[in-house]
Amino acid sequence: MDGGDLYNKEAQTPVRRNKHASRISSGIYHPVRPASVLSMSSPPPSNLSRLRPRSSMADIGKRYGSISRFTVPRTPSRLSSRSVAKSSLRGHPQSTIRSVSGSTASLIASPSFKTPRFGRRLSSSLSNSSSCESSSQGDSGTTSTDSPSGGAGSSGSSFGTKRSTNIYTGHISVSVRPRPLNEKDGPNSWIINPEASCVYNKEVGEFFYDHVFEPTVSNTAVYLQTVQPIVKKCLQGFNGTVFAYGMTGSGKTYSMQGVRGQTGVISLCVHEIFEYFHSTTRRGALNKVSCSYLEIYNEKLYDLLDPEGTFQLERQSTSVLRRRPATSMANPSSRKRHISSSKSELRICDDPTFGIKVVGLTEFEAPDADSLLRIIRSGDSMRRTGGTNYNARSSRSHAIVLIHLSTQNAPGMPKTASTLCLCDLAGSEKVSSKLERRTEGSYINKSLLALGTVISKLSKGSSSHIPYRDSKLTRILQPSLSGSSLISILCTIHLSSQTFTETVNTLRFASRAKNIAYRVHRTEHSENKYDEKYVETLIKENEKLTKEIHTLKEKKSTKGHIWPDAISSTSIVSRKYDERTAELVAENKMLSEQLEHQKRLNEESQMEHVVDNNESLQELVRVQVHYDVTDESYNKAITNLDNFGKHCMTKMEEMKSYIMHLEQKLRDLELKDALKEIKTGPSAAEITALDNVEEITELKKC
Ligand SMILES: Nc1ncnc2c1ncn2[C@@H]1O[C@H](COP(=O)(O)OP(=O)(O)OP(=O)(O)O)[C@@H](O)[C@H]1O
């Protein structure tokens with residue numbers, strides 16, 4: 001079969017080799033392509049204390065011989081054997097486990113959906129190193145390069161609350177873990193190829209994932225490849241979700257909770273977190289770890305850490321949270337006696353900031369790994385189990401552990417927060433003969449079907465409605481599935497031919513999940529002392545300004561009260577004066593224009609008269625010289641002179657009347673003398689008016 005383009009016969013859908021798989025591994029989950037393949041003759045290291053650094057992993061392999069094979073990460077695990085051994089062997093003092101919230105609501109989506117709850121679910125200490133804005137690069141998991149200097153958290157303004165977000169892009173990581181076959185399981189119908197990350201059956205073809213494990217692989221090896229990268233991201237402030245999915249009896253609880261001699265993934269996460277936090281605390285970081293634990297049974301939510309709703313009831317009655325004694329959590333078996341059959345059901349609510357919240361979920365803060373593991377174990381013991389055809393102690397509920405991480409590198413430094421969500425889902429199964437199992441089974445199958453539908457829709461990139469509300473499980477996982485969290489899915493399968501259909505269903509679910517891409521944000525909060533100072537300054541400034549405004553208002557009202565008449569009369573006088581001045585200016589302008597016009601007329605008329613007179617006199621002289629006085633020409637010249645005289649007289653009369661008119665106008669303008677008294681000096685219009693008077697006088701002389 002062509003390794004590139006494959007065809008899944010039963011699914012009738014082409015299955016393409018995932019080209020991104022290795023890139024995703026190298027991008028999100030660090031380089032995990034096999035650096036070497038080890039052979040082991042007996043079970044691999046059973047717990048963390050037996051882990052060794054990478055250099056010694058080969059020795060372990062040699063020591064254990066070669067029955068099973070597993071890949072070793074190229075990068076050495078943060079969870080080194082020595083450190084883990086120290087962590088697990090260290091005699092921690094009796095933990096003081098306390099409820100940090102007595103919370104009425106626990107937030108599942110958590111801080112990537114922004115603000116931390118109770119102001120404490122903040123950040124990881126790696127956050128100090130990665131506040132700089134990141135960019136998404138392709139579809140492999142990418143984030144910004146961590147810089148030890150603090151990034152945006154320190155590079156931006158030092159005032160005000162800053163929120164810088166790192167973005168992480170990638171795909172859901174999907175791994176497949178087959179359970180080893182028993183004698184009664186029947187023949188194996190699958191070929192497992194861990195090196196090619198492939199599961200094959202001749203009927204349905206090949207399925208490729210990020211990781212495919214040998215049946216005999218250890219929980220630790222599974223953890224290192226599939227969960228540790230998510231935990232590391234959580235320590236950097238991103239939310240992480242890990243869930244085990246598969247049919248009943250396929251090894252989900254075995255993987256998540258572990259068994260004696262096989263530390264489970266949850267314990268390994270807890271050790272990893274505290275190992276890291278202990279090292280950063282030594283450098284002065286302020287870290288907090290708290291935990292909630294809930295189960296979904298028959299589509300109802302229950303608090304596994306406070307199954308009777310004790311805190312809720314106490315709070316309702318007294319309004320004061322009473323802390324549960326540490327011993328009750330430290331000794332789960334003693335608690336079990338108090339658990340009544342009537343557990344108190346929790347509610348899911350919409351939350352504008354966090355997506356959803358679980359009302360009434362208890363949250364305990366744990367100072368160390370042992371304390372946290374005791375808390376989780378106590379929750380495990382409260383989980384409902386029952387016998388099924390494939391599993392004598394089958395989990396009949398979906399169990400979700402929420403580990404909230406908060407880190408601040410130093411007081412005043414930005415804080416980041418994240419939540420690691422670890423889910424051990426109930427397994428799907430065929431119809432059982434028992435009524436109780438049938439009821440549970442139908443709820444389990446219904447919720448898993450809803451999860452499958454949501455995954456299917458998300459994988460198609462469908463813009464249509466995603467039915468998160470179809471089940472409590474999808475509702476709880478909604479924030480994670482809709483992009484607030486990095487996700488790793490561990491699909492556990494049976495290899496037996498008896499469970500062929502269920503295994504194919506699980507593999508198809510896994511294939512669809514593989515297509516889902518996400519873009520996760522990390523939120524950081526800076527609430528350092530500079531911010532507080534700045535706020536103080538602003539408050540003081542605000543108070544000062546408020547006082548000033550009051551003073552000004554008072555002054556204004558006082559003025560208005562004492563001199564209102566004076567103010568109004570002054571303004572009336574002023575307004576009247578302005579109006580009159582404007583009138584005078586306009587009048588002067590008009591007079592100036594008239595004078596100018598008259599001047600021109602006079603000049604023209606005088607010229608004409610001069611010319612006429614000159615011509616008449618010349619004619620008169622010529623007649624007197626050449627002609628007799630009785631001559632007709634002489635009489636004509638006399639007549640002309642007579643007419644000219646009359647014309648001059650008429651003109652003189654016209655000029656006199658016009659001059660009289662102008663003099664009248666001038667008398668009117670004498671008003672301006674009165675106004676001059678209240679003005680500092682003559683205005684341009686007044687000067688023009690005076691000029692006009694002079695001109696009139698000149699004209700009179702003409
Ligand atoms: N990888 C494995 N190696 C050895 N034993 C395993 C492995 N996986 C599962 N088992 C064993 O198979 C049995 C069923 O496993 P487990 O309870 O983990 O199944 P499950 O998927 O959680 O089932 P359910 O959904 O019914 O709870 C257990 O006895 C467990 O020890």
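From the backbone N, Cα and C atoms, a Cβ is placed for every residue, glycine too.
According to TrEMBL, the region 'Disordered' annotation covers 1-104, 117-162, 323-342. As annotated by TrEMBL, compositional bias 'Low complexity' applies to 34-56, 77-90, 123-161. Annotation comment: TrEMBL describes 93-104 as compositional bias 'Polar residues'. As annotated by TrEMBL, domain 'Kinesin motor' applies to 171-516. Marked as ATP binding site by TrEMBL: Gly246, Met247, Thr248, Gly249, Ser250, Gly251, Lys252, Thr253.
This view paints the features noted in TrEMBL onto the structure.
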residue: Gly246; record: ATP binding site; Cβ neighbours (10 Å): 30
residue: Met247; record: ATP binding site; Cβ neighbours (10 Å): 26
residue: Thr248; record: ATP binding site; Cβ neighbours (10 Å): 24
residue: Gly249; record: ATP binding site; Cβ neighbours (10 Å): 22
residue: Ser250; record: ATP binding site; Cβ neighbours (10 Å): 27
residue: Gly251; record: ATP binding site; Cβ neighbours (10 Å): 23
residue: Lys252; record: ATP binding site; Cβ neighbours (10 Å): 28
residue: Thr253; record: ATP binding site; Cβ neighbours (10 Å): 25
Quiz item: So, in DSSP terms, is Lys252 (ATP binding site) helix, strand, or coil?
Solution: helix
Exercise. Let me know the model's mean pLDDT on the domain 'Kinesin motor' (171-516).
Key: 82
Practice problem: Would you identify the secondary structure of Gly246 (ATP binding site) according to DSSP, in three states? | Solution: strand
